[in-house]
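Structure first, commentary second.
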Amino acid sequence: MPWHRKDLITLEELSLDEINQIHATAAAFKKILGRSVKKVPALRGKTIVNLFLEPSTRTRLSFDMAAKRLSADVISFDAAASSTTKGETLRDTAENIRALGADMIVIRHAASGSPLYLSKILDIPVVNAGDGAHAHPTQGLLDTFTMREHLGDLRDRKIVILGDILFSRVARSNIHALIKFGANVTLVGPSTLVPHWFTDLGVEVSHDLRSALADAEVVMLLRIQHERQGGAHFPSLGEYTGMFGLNKTRASWLNPRALIMHPGPINRGVEIDNDLADGPNSVILEQVTNGIAVRMAVLYLCSGGQPENVIGTSD
Amino acid sequence: MPSLWIQNARIIDPASKRDATGDLCVNDAGKIVPSLSAAAKKRARKIDAAGLVACPGLVDIHVHFREPGQTHKETIATGSRAAAAGGFATVVCMPNTTPPADNAGTIQAIKDAAARDAVVRVYPTGCITAGMKGQSLAPIGSLKRAGVVAITDDGDCVQSNQLMRSAVEYAKMFDLPVMDHCQDHALTQGAVMNEGVMSTRLGLRGWPHAAEDIIVSRNVILSHYTGAHIHCQHISSKYSVELIRRAKSRGVRVTAEATPHHIALTDKALASYDTHFKMNPPVRTEEDRLAIIEGLRDGAIDIIATDHAPHTDYEKDREFDFAPNGIIGLETALPVVLDVLVRRSRFKLPKLIDLMTRRPAELLKLNAGVLAEGAPADICLFDPAEKWVYDAKAGQSKSANSPWHNQTLTGRVKTTIVGGRIVFDNGRIK
């Protein structure tokens with residue numbers, strides 16, 4: 001099936017077939033990453049602008065790396081030194097970048113909906129690298145890609161997302177993807193950070209850690225985002241850790257082969273104990289590596305590439 | 001000024017319970033009269049109103065005209081033209097101007113501009129608190145003397161219960177209603193839409209209806225305690241409607257208004273982050289919307305008001321979080337409520353007109369909203385069945401921030417008459 005989308009804004013709007021296409025393309029690109037020459041000419045001559053208007057380290061590096069592996073020219077936008085600090089609007093900034101000849105924009109923005117807004121303004125592809133608490137589609141894609149590598153079919157698998165769900169774009173994107181794969185998703189955390197509204201997305205909501213973790217095959221931890229909360233959603237980090245932090249005892253409630261995942265950055269000792277973050281069930285660093293392959297796939301497909309044409313992917 | 005002889009209209013005047021086809025006459029002094037003499041009829045301007053409804057000029061007690069200070073969005077001149085195009089003969093403008101209308105001088109400036117530039121009747125309100133800062137009372141007595149018809153910190157809400165108590169007690173001395181934008185700030189920090197399933201899905205910060213309900217409750221309690229009249233503006237939540245209904249049944253002097261957008265829209269409209277659906281309070285759920293309609297039906301909510309809030313296109317054209325709240329509404333109010341209330345909710349047309357004429361006028365004791373003999377001839381003529389496509393950019397307002405832009409609406413204002421003078425006729429300001 002050919003790829004038709006110009007932009008990647010959310011996973012909610014993608015069909016299961018489209019997610020499978022991205023995963024298949026990412027699998028092909030992942031093979032390239034294992035070679036001594038980790039580069040293909042798929043986007044040679046194209047210029048990708050990383051418009052990161054909110055702080056980011058790993059996502060920006062990952063998009064940078066993915067674009068370079070595809071031979072694109074990459075320009076990273078430094079928000080702190082940009083015209084946006086002088087009051088320039090997002091529309092003007094984006095239209096200027098387009099006028100300079102950019103072929104694609106990867107945007108991260110603290111305001112939900114900004115990538116969709118930009119995609120309606122621009123005739124070039126817009127890839128969402130995270131918008132507010134709304135969506136982080138490439139993270140959802142790399143997380144589910146990693147789960148499928150380990151578990152195969154995700155249908156009826158019990159997957160727990162634990163922590164600050166309310167402010168998490170990662171949780172939302174994973175929920176949309178996992179529901180399409182037929183997984184059973186349980187959200188767990190303090191009631192102030194896991195509101196009941198989420199059940200409308202087709203997931204379970206629980207505040208009982210033990211029953212939520214029982215026999216789960218994946219537990220995905222989320223960072224406690226102090227900077228977004230603007231108020232007291234729970235008494236203290238210490239209390240959070242005491243009630244909801246993943247430690248050895250609680251990890252024993254999981255399926256023994258359960259994957260431990262985290263989109264990073266990790267607050268060690270807060271949402272997860274050190275031993276578990278670095279333990280045998282942790283796939284946290286695999287997620288990082290898979291992120292490059294998934295982002296290569298997204299950049300490639302949105303710039304007009306077709307899944308069946310991924311070049312140089314033979315073993 | 002020529003006399004007017006409006007012929008063959010369906011005349012609806014809720015104050016006199018009149019609903020019949022006939023003629024409506026206006027003498028050369030701009031007053032409603034039972035008939036004109038034969039000689040006067042010969043000289044009168046005749047208006048064939050067959051198929052049209054003639055009702056009192058509409059009354060809107062909640063508009064933002066942005067003058068002084070933000071005249072790039074609207075002026076009293078352009079706002080009054082938008083009002084005329086929407087069938088409104090009387091409007092009450094909010095004091096959250098720049099600077100805020102918290103002193104007699106600014107009120108006088110607004111009145112002067114209205115006298116000079118407005119094509120409809122424009123009444124000012126004054127602030128409850130100095131500078132709308134919520135810290136100390138504005139000079140409410142001086143504001144009354146300067147001509148305000150109510151006080152309000154609209155756009156903001158007095159958070160201190162003690163200060164609000166003082167405000168309503170003090171204003172009661174001048175028989176001045178206190179209008180309140182009901183919003184608990186602590187519960188709505190950073191909020192940009194209704195809190196619920198849609199805000200969860202969209203990842204936008206939610207404005208829980210509890211933040212409105214708490215302040216409505218506060219106002220009910222203060223009104224009961226002091227005997228003062230508190231008017232709750234733009235009610236958006238089901239529970240608030242119920243609170244007001246119960247308070248009224250106990251005789252508490254609380255009144256309330258609903259806007260066309262809260263009657264017509266829900267938060268599902270925000271799915272594409274269109275900032276033309278961003279307002280404060282936010283549009284809420286279908287359950288809330290239906291409760292507001294029931295409130296209008298049984299009297300829990302007293303009136304309809306637009307909360308006409310102009311913003312320029314470049315201010316609205318940005319990330320949802322950063323766009324200002326508010327939409328314009330004067331030119332679309334009548335067709336929108338005709339559709340929702342009369343066509344879809346089986347309100348009788350006289351009932352709807354009552355909610356937009358006599359009752360808002362009575363609420364603020366304005367000399368408007370009736371077609372009684374001797375009353376100022378403020379008249380709205382509209383075709384309840386005409387379909388038309390609303391082009392916000394071609395409207396009379398200086399701004400075009402409307403969710404109904406490019407929508408087909410049913411019901412169109414043809415002529416607006418203020419004090420016997422035709423100020424709007426067939427799409428043009430006179």
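Residue numbering: from 1, along the chain as shown.
Cβ coordinates come from backbone N, Cα and C, glycine included.
Reduced to three states, the DSSP call for A:PRO265 (carbamoyl phosphate binding site) is coil. What TrEMBL records for A:ARG58, A:THR59, A:ARG108, A:HIS136, A:GLN139, A:GLY264, A:PRO265 is carbamoyl phosphate binding site.
For A:LYS86, A:ARG169, A:ARG223, the entry in TrEMBL reads L-aspartate binding site. Of all Cβ atoms in the protein chains displayed, 6 besides its own lie within 10 Å of the Cβ of A:LYS86 (L-aspartate binding site). Secondary structure at A:LYS86 (L-aspartate binding site), taken from DSSP and collapsed to helix, strand or coil, is helix.
What TrEMBL lists as domain 'Aspartate/ornithine carbamoyltransferase carbamoyl-P binding' is A:6-149.
Among the features that TrEMBL reports, domain 'Aspartate/ornithine carbamoyltransferase Asp/Orn-binding' is placed at A:156-301.
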Practice task
List only the single closest residue to A:LYS86 (L-aspartate binding site), chosen from the binding-site residues A:ARG58, A:THR59, A:ARG108, A:HIS136, A:GLN139 by CA-CA distance.
Solution key: A:ARG108
Practice task
Output, ordered by sequence, the same-chain residues six or more apart from A:HIS136 (carbamoyl phosphate binding site) with a CB under 8 Å from its CB, or 'none'.
Solution key: A:THR59, A:ASN128, A:ALA129, A:GLY130, A:ARG169, A:VAL170, A:ARG172, A:SER173, A:PRO263
Exercise for the section: For A:ARG223 (L-aspartate binding site) and A:PRO265 (carbamoyl phosphate binding site), determine the Cα separation and express it in whole Å. Expected result: 7
Completion exercise
On the domain 'Aspartate/ornithine carbamoyltransferase Asp/Orn-binding' (A:156-301), the mean of the pLDDT values is 93
Exercise for the section: Counting other Cβ atoms within 10 Å, pick out the least crowded of the binding-site residues A:THR59, A:GLN139. Expected result: A:THR59
Fill in the blank from the handout: Neighbour count check, CB within 10 A, over binding-site residues A:GLY264, A:PRO265; minimum at A:PRO265
